[in-house]
């Protein structure tokens, strides 16, 4: 969100030591209240955000997952019985008929096992998916609610983008961990435990020998996992910081484009990503070692188990069938642990994310707007008293911004607070709203300390109109009514009445959709004056006892100001009103005036009393040259037409249809989600490969090792079959048994070493390649986004939240088709192909039967992928608005707090999420059924294989060895295929993310569009001499892309001679700022021509062109960083020494403020410059412009937020700066344009008058009327 003027004002603060009692107050605001004993563990577990229904469903799902896992070790039992039967047939103790009968019986057991596994797997998957979605939704709402109830000091130390990233990206990752990974974990644990039981039941000695290997695996997994979690948590924090930084840049895109900051932003973003990637890589290296170890250990266990089993078999202690059962149970237990290895990173990431989320949820805010604590008086008079109040901001504890402030605000009267910028005026408002706590003294309302009052009740009594106003991306009616407790028709009538009082009703009625017109993000579709009037209406609709106006008319033209000021005067009757104003003409009729400077009250009284004292107030009055007589123009002349705007939106639905270039969020288009999902999967892999070109060698090495690792499985099947056959040798061949066992177990040890090497290479290379891919896509998308014009960012789907979300959550999803998943797919392919080839060579008949079952397993997994992909598409489409809304709330948290709309905001957010989840049950059921089928159909395949293989043995066509090789290689391969599709959710999300990110990268390079039928000359910039920089608008007609049917400029023609100053004046919305936007090339001009030095600006290299221009906006944007960085931000490729920076600070009257700061130019300004007042930000923006030494200067209300003293100093600096530059300025204060060479009066997008100020005054036309309203005629 933009910085609020309620943020600290620091002009000439003194550095003071903090006392112990003050430190306690500051720490309480920064770190929150200590948790109560009964609450200390209340928010430490995710399960506490599950309802009773969720817990029951989760419990049933957990039981089913455990049962499904426990069923798997029954397979070795059946397998061992079959081995015993086969050996008996070979030895002659089992007849052919008996063999066929027992094989059929055991095959039926496999069928029963498959049916049971399907049922329990299905119930487990449904339970975790359904409950996981509900729990995550509750957690999102709880987290947002917890954020909304925090005090302002919390937001001074955290980036809004970081909070948005946690809401949109981190919770999504956590949901993935709950829905799919926990079920796999429980199933694996149950399989592991059941396998242990089977091992000890079948033969405890072998089980006892193998137990240390399991203990070693668990110990390594635990210790390595703990370290991996730490690195993942730190990496996630760094990625959130990078996301917050880029969201801030997207939110300030006009400043970024105007100052050519794209390379600087890209470098900073890349550096932040690199730092996060380094930490992530450390965690991945640990995880890679764990995964490689767990894939190698089965071969080691095979070697040890078979060797020990052979010893006990030779001793006659156990049968070969029992040994086979024990060994296979051990392997199943090991593979159960391996199954969760690819999910390990997701699980550890989920743990790290939940910790960060729960820390915020558990923070007890010292200022809780949703709490019941505090008094709620029935009647409010509105008398406000400040007694010896000091204020230190928690994030800047070295400076005291208010010092021993004493003042009384009479009830029902109008009190004005005036003084130089940075004197502490807005800080008083911050205390009244209880955004911060005073470090000394007391602030009372009707004799009660406001700290004892209920915070929500207190804010309901106050209506605030801020200088940096915030409008939400909702309808006009919703914006006016936010925070109002009235409902129904009465609320609608009150809203219309408030709009009429604020002189906003007239322009609202001109809109095709009237009060139902959407405002757009931050209300940027409206002019500054229109936004200000809507904010005034929002304050009036609640009918508050106390009204606070912080420069409420600063953005209004003279016509609108007079009308709105009259409305304010009418609305303030019988209300306690406090007005902060730099235009002292608006407060001369105040009942009481308080003069503040340097954080203290220097004088108080009425206008007449203060003038008679000839003090600071009189000096300010004199500087503004205000006459005390009223205007000669009656208010009745301010017709509806004059305060209407031509810069208003028409049809909201045209917003997206008329902007060129492909859609950023394809899911917002009218493409059917099912069709979109099919298209995305066909392109996602090619997109990822194209973006991985720099890592081809690494990918090839990793994929080659994955293939080799997959071929180890057919090799294992040969060794396993040989060992099973060897264990069945008769006593007279025990010497041969010993020799063969040693040989085959030694080969297993070699396979273990090879597997360790292969899988270590696979995990390291593919994880590194995936990480590089994600960073490359992030950086490329960032660069491409910042190459767009401003029209792109005005689209709903291209809001800062949406774009930042695409670079955080979208990239996280894209990683779901990289690393272990890619390796797993390649391993599956190699094992299946290798198994088929091997089986065909060993026994083609049985191989054909077994091979025919593999497509069934693959088809089930593939169909599940389709269902989940379509489901993910629908979820993204319905969840898009929810993500945007959450991001907007976080950026506008001060407006949310002042309006008391925390509960309302979380309710709306809940509605968005509920709509998203409404249609989720059906795809959950479908995908769960397919997943359960892919897990259970393997045992149906095994039943068929054993039945047919047994019959082949009975008929004498095949030996035991041939059957074992075919079944182990192909059935094991099919089982791996089923486990690969555990990652179907990740692959589906990755496919759609790839589609969206590819759409971003393929966006048209809007900034480099040349003029029609011409080619841009890369080296072409502005003329070298300012004497050639004349500006011409030639028959320019322009309509904003969001409202193409209504022109902001109509056949506009004007010429600005080189080195001269043109001032554009006129009523709000007449097209003045549009001229500056076109000059800055924020939009593409379709009709007419703008030239500089005779060259069409569209034919100039845009970076060189903008490097010669400096823009000072009406609402200057600050960036997170130091004061030095914010001033030098426009000189991206040039080192600037402090002497130059201090010189421009001196020219803009900023030097005293800089020198008062303990760290000077190195002082951190806070997120979005929260540590600055409105006036300080405007002077800093001017210093930023002066430092660029531009040839063309564009000023949009450059002094609107300055006090009289600062305005005079800055105006002198601007006048000096204009002497050798071509300047175009927009102003409502006509006193600032009297020194301009030319004045252009604009009316409804046309040039109504043109001439010098003196000539226009002599004409007594529109300019004379405007000047007369400001007592300048």
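Even glycines carry a Cβ here, placed using N, Cα and C.
Whatever TrEMBL says is automated annotation, not expert-curated.
Among the residue ranges 106-130, 131-155, 156-180, the one that TrEMBL annotates as transmembrane segment is 106-130. Within the set 255-275, 318-338, 339-359, the record from TrEMBL flags 318-338 under the feature transmembrane segment.
Your range for transmembrane segment, going by TrEMBL and the list 674-697, 698-721, 770-793, 794-817, is 698-721. The range from 184-203, 364-383, 384-403 that TrEMBL describes as transmembrane segment is residues 184-203. Same-chain residues lying 6+ beyond the ends of the transmembrane segment (318-338) with a Cβ under 8 Å from its Cβ atoms: 69, 72-73, 75-77, 79-81, 83-84, 87, 187-189, 191-192, 195-196, 198-199, 202-203, 205-207, 210, 214, 217, 221, 294-295, 297-298, 301-302, 305-306, 309-310, 312, 724, 727-728. Per-stretch counts of Cβ pairs under 8 Å to the domain 'ABC transporter' (1031-1269) identify 386-623 as the leading one among 60-349, 386-623, 700-989.
Across 106-130, 184-203, 209-229, 698-721, stretch 698-721 shows the highest tally of CB pairs under 8 A with the transmembrane segment (741-766). The list of residues near the transmembrane segment (290-312) in space but at least 6 beyond its ends in sequence, with Cβ under 8 angstroms from a Cβ of it, reads 203, 205-206, 209-210, 213, 217, 220-221, 224-225, 228, 318, 320, 323, 326-327, 330-331, 334-335, 337-338, 341-342, 344, 709, 712, 716, 719-720, 723, 726-727, 737-738, 741-742, 744-746, 748-749, 751-753, 755-756, 759-760, 762-763, 820. Sequence-remote contacts of a segment are chain residues at least 6 beyond its ends whose Cβ falls under 8 Å from one of its Cβ atoms, and for the transmembrane segment (698-721) they are 295, 299, 302, 692, 744, 747-748, 751, 754-755, 757-759, 761-762, 764-766, 768-769, 822-824, 826-831, 834-835, 837-838, 961, 964-965, 968-969, 972-973, 976. Cβ atoms under 8 Å from those of the transmembrane segment (184-203) belong to residues 62, 65-74, 76-77, 80, 121, 124, 210, 214, 309, 312, 317-318, 322-323, 325-326, 329-330, 332-333, 336-337, 339-340, 343, 347, 982 of the same chain, restricted to positions at least 6 beyond its ends.
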